[in-house]
Amino acid sequence: MSGLAILTLQLSHFRSHRAARLEFDGRPVALVGANGAGKTNILEAVSLLSPGRGLRRAAVEDLARRPEAIGWKVAATVAGLSAAHELETWAEGGPRQVRVDGKTAPQLALARILRMVWLVPAMDRLWIEAAEGRRRFLDRSVLSFAPDHAEAVLAYEKAMRDRNRLLKDEVRDPHWYGALEAQMAASAAVIAANRADALARLMAAQEGAETAFPRASLTLVHPEGEVDDLATALAENRRRDLAAGRTLLGPHRVDLQAVFSAKGVPADQCSTGEQKALLISLMLANARALATDLGRPPILLLDEVAAHLDAGRRTALYDEICALGAQAIMTGTEPGLFDSLGARGQSFAIADDIGQSSIREVP
Ligand SMILES: Nc1ncnc2c1ncn2[C@@H]1O[C@H](COP(=O)(O)OP(=O)(O)OP(=O)(O)O)[C@@H](O)[C@H]1O
Ligand SMILES: [Mg+2]
């Protein structure tokens with residue numbers, strides 16, 4: 001099964017890269033270089049070939065190279081879900097734009113061509129920090145299966161913002177709330193169904209998989225208990241929400257809980273390395289499930305993942321990526337981290353010499 005892949009990648013005035021070009025052949029990619037060389041910036045550029053704000057969730061103006069700050073562009077040729085395409089995304093003072101094969105397109109069009117799954121160092125504390133990060137992690141996984149999940153989330157958030165404004169303004173007239181709560185309930189039903197579906201797929205993809213990484217059993221936690229009829233529950237909770245000045249019930253409060261299955265230990269009580277292994281395990285499960293769904297494995301963006309693993313686990317990770325046939329684009333500060341990937345992958349040396357990035361393939 002040949003994977004979705006970036007074949008050429010061109011960055012213009014994107015973060016530290018004034019002009020950079022990389023050529024890939026579909027094998028896993030190792031980007032190697034010192035701290036600050038511009039490795040994560042390259043991964044971020046690739047992540048912008050999917051809908052949304054990319055793997056740093058950066059504001060669009062932060063992506064423009066300083067000091068010029070004249071706008072940025074990422075262009076790529078890719079092996080997509082059904083064909084090869086030319087993708088371009090850029091911004092010049094305004095919102096991010098997208099072109100597919102030379103024609104202006106909405107961001108969502110990118111999800112009909114590529115799917116990506118990523119792991120970044122910021123996720124290392126996912127299991128021990130606030131629920132918001134886990135919810136985002138969950139929703140990113142949902143989006144990888146069902147890109148139109150974004151629409152339900154946006155519709156829900158908009159209605160909730162409007163309801164929260166009423167609460168803050170201490171509006172008590174029920175007349176103002178009904179339609180918003182109905183909208184929230186309708187979107188919440190879609191969100192809940194999408195999340196349940198993604199969770200089931202992640203669990204199924206871990207079941208029986210040959211993997212060196214530990215299985216995580218996942219559950220959704222509703223801090224206030226699960227609600228059958230959200231519209232009614234919101235109406236009943238108006239008084240309490242008025243006191244709080246915001247909506248306390250709904251899918252925006254859901255948490256994702258993971259348990260290290262073999263030990264029965266909740267993820268937040270696992271060791272640092274175990275927590276990382278659980279994340280990798282879920283990332284691989286996500287990729288396997290997508291490969292089954294789409295007939296081709298997604299692109300994986302793995303920032304500094306190798307550095308956290310012992311040599312045995314590193315080899316296992318590369319073996320699993322190669323078995324999956326996925327183009328994993330990985331970063332590391334030492335070439336030795338990718339020794340056991342060997343000729344199964346491509347390697348690039350990334351450097352930054354006084355504000356000028358240089359990239360060369362290492363044979
Ligand atoms: N908008 C920008 N314009 C110019 N330079 C930027 C911009 N944003 C970030 N940089 C710089 O890009 C450089 C490379 O960042 P990047 O995060 O890609 O490094 P890295 O190779 O991943 O390093 P590390 O190994 O430390 O993670 C940093 O020095 C950063 O300050
Ligand atoms: Mg980095």
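Cβ atoms are placed via backbone N, Cα and C, with glycine included.
Positions annotated as domain 'AAA+ ATPase' by TrEMBL: 25-355.
Around Gly36 (ATP binding site), the same-chain residues six or more apart in sequence whose CB sits under 8 Å from its CB are Ser16, Asp352, listed in sequence order. What TrEMBL lists as ATP binding site is Gly33, Ala34, Asn35, Gly36, Ala37, Gly38, Lys39, Thr40.
For ligand 2, no neighbouring binding-site residues occur among Gly33, Ala34, Asn35, Gly36, Ala37, by Cβ distance under 6 Å. For Gly38 (ATP binding site), the number of other Cβ atoms no farther than 10 Å from its own Cβ, over all displayed protein chains, is 24.
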